[in-house]
Amino acid sequence: MAYVRLACLAVIFFFAASVMFTVEAGIPCGESCVFIPCLTTVVGCSCKNKVCYNNHVIAAEANSIDDHHLLCQSHDDCIKKGTGNFCAPFLDHACQYGWCFRAESEGYLLKDFLKMP
């Protein structure tokens, strides 16, 4: 009798685990960002029109760099917008825009420290 209960529990656990992995693989950025920012920024999601999208999808659908605050075509665009200092292009060559990052080198961090008083 205990084996029947254990077998039923194992089947339920297996079903729940398979559903969890299917949903996780299908919709990586499926939440809304109305009141809080995207929780899936670690996997490359950003908020656009109160819905979280993949970053490369935002870049591919954009008509200009003004469509999203992190889109850029050069490092100067990132610096002008104040969203970073490095424009990284996507690996997909169909995307004509890149994504702004904050990249700080050791020399950039020490430039004010080494000034003579």
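Glycine is treated like the rest: Cβ placed from N, Cα and C.
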Do you know which of C8, C45, C47 Swiss-Prot records in a disulfide with C29?
C45
Near C38 (disulfide bond), which residues of its own chain have a C-beta under 8 A away, given they sit six or more steps off in sequence?
C29, E31, C45, S46, C47, C52
Using DSSP, would you call C33 (disulfide bond) helix, strand or coil?
coil
Tell me which residues of the chain lie with their Cβ under 8 angstroms from that of C33 (disulfide bond), as long as they are six or more apart in sequence?
C47, K50, V51, C52
What kind of secondary structure is C38 (disulfide bond) part of, going by DSSP in three states?
coil
